[in-house]
Amino acid sequence: MENMQAVNSFDSAPVDFHNDPELAKFIHRFSQSEDDVARYQDGYRKLRSWAYGSLDLYKHELLHVLYPVFIHSFMDMVAKGHLQEVGYSESNFDKTFFKAFREDHELMHSCDLQKLEGVLSQSHLESKVNIKICQYSYDLLLQYLHKTQSTAMLGVINEHINFQANQLNQKEIHWGLLEDSLEERLEKAGGLLSDSEKTEEENEEGDVDETKKRSIEGGKQGSSTKKSTEVEQSILEDLRNRVQLSSVALPSVSFYTFLNTYNGLNCSSISHDGSLVAGGFSDLSLKVENDSSSSEQVLGPNGGKRSYTLFQGHSAPVYSTTFSPLGDFILSSSVDTTIRLWSTKLNANLVCYKGHNYPFSPVTRIWSMDRIQPLRIMAGHLSDVDCVQWHANCNYIATGSSDKTVRLWDVQSGECVRIFIGHRSMILSLAISPDGRYMASGDEDGMIMTWDLSSGRCITPLMGHTSCVWTLGFSCEGSLLASGSADCTIKLWDVTRSTKLPRNEEKSGANPNRLRSLKTLATKSTSVYSLQFSRRNLLFAAGVLSKNM
């Protein structure tokens, strides 16, 4: 696939582009045409329209071809002396090639485009561009170029682009949990549920022995070990008291309602134990409330009392908040393009992470808490990334976008290893099952889709919401999925039945979605912004009262 090939028709044999003398003469003759600029502009405009109108499954690959074609078309015209036509004539500003199409690539390649504006003499790019594309996308592109006789674009692609095979959704996914994860070790040590007090006591004695061993081995790290031990004991207690949920044993729900926000609440989040609730606001603030704050109010400005902790530092509205697993830290992201790390113990801002160039972007960045520069940059979405979710083993990260797709990225390599296509509107929420095998995604139209990460296949759509699905969450054992929506409801779904649906039932005409919807919990005109299952399988939810009652 390294050499470009021209296809005469859908069923004819391919012709080797580089070694066919007649085709070479044909391209050369057109390249000497006096109307070079018109051919480049017309060819690129038609290629652009065709790529945007292609099937969703292949559109993301075909659109990636546009940028190198745009750049090399521009460079070819400059090399042939068409400086006025490509972008340097004020009188012809609206008709120039560079000015006409640069906006398509401004978001992802603004720095490169600024440099290209300074090109005023014959120049060229030395190396070819490598683009990964699946065989079918490659064939579609060739067929289009040949049928439309786009010789200018054909020449640019053949001379400047190398296509490399990309097996769509074929790379193996290691979806299993990490062997040394805390929960895995605690489960092996004591089990999740005890059948009797005797078994509980035996397990506790075993845990105490293990704790003593770790303390001796820790030596000088005694205080750190003690803190770690306390955390493990707390988690173990939660695991032992976990309620096993199923289609006949639904969770208890605790709902937090934001009042008097005056349409200023943009997002909310809940700590894993439900003790802390945070809200991001349009007035640039982050507010965190403790569930016991009614008895422990804080002094606000002018000597008044308030029942929350106010965090200020952002210079634009806050649109996302997330608690750390233990609730001692909280992250907030803002339209000011920064992410801030706050301590809920010190009530202070610890770090400000900078790296994004735009408040909304198709690029995803990964940071480590102890570094101010991003470790990885994932680029591939065609529009804004609206939601992000870590895989259970932290080897992968899922991103949902306004381009109606979900992508799964390998954190180590930064490569996209899965693309999930099927939604018809922007994706607003994601959740990955505790065992790492399945994913759920919710969109603006109220549709929820469940996916098998290993195969990339959609298991089943879950229909029932009538508005945006803002939040999703799996129960701790993965048997139930909870969804929260702008339609002021929480829905509980039986995902065990969804993921184990027999093939013959899948292919039958019957629609089993009604059977999978276990219960709908209606709020009092409160849009549901966030959901969180605790380790004990209690469901916490939060939202804002959308109208006066």
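Counting starts with 1 at the first residue shown.
Placed from the backbone N, Cα and C atoms, the Cβ positions cover glycine too.
According to TrEMBL, the protein carries these features:
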type     : residues : note
DOMAIN   : 35-161   : domain 'TFIID subunit TAF5 NTD2'
REGION   : 190-230  : region 'Disordered'
COMPBIAS : 198-208  : compositional bias 'Acidic residues'
REPEAT   : 311-343  : repeat 'WD'
REPEAT   : 378-419  : repeat 'WD'
REPEAT   : 420-461  : repeat 'WD'
REPEAT   : 462-503  : repeat 'WD'
Surrounding residues of the repeat 'WD' (462-503) on its own chain - C-beta under 8 Å, 6+ positions past either end: 242, 244-247, 250-251, 253, 428-435, 437-438, 440-450, 452, 512-513, 515-533, 535, 537, 539, 541, 543, 546
PLDDT averaged over the residues of the repeat 'WD' (462-503): 88
DSSP residue counts for the repeat 'WD' (462-503), split into helix, strand and coil: 6 helix, 19 strand, 17 coil
Residues in the repeat 'WD' (420-461) grouped by DSSP into helix, strand and remaining coil: 0 helix, 24 strand, 18 coil
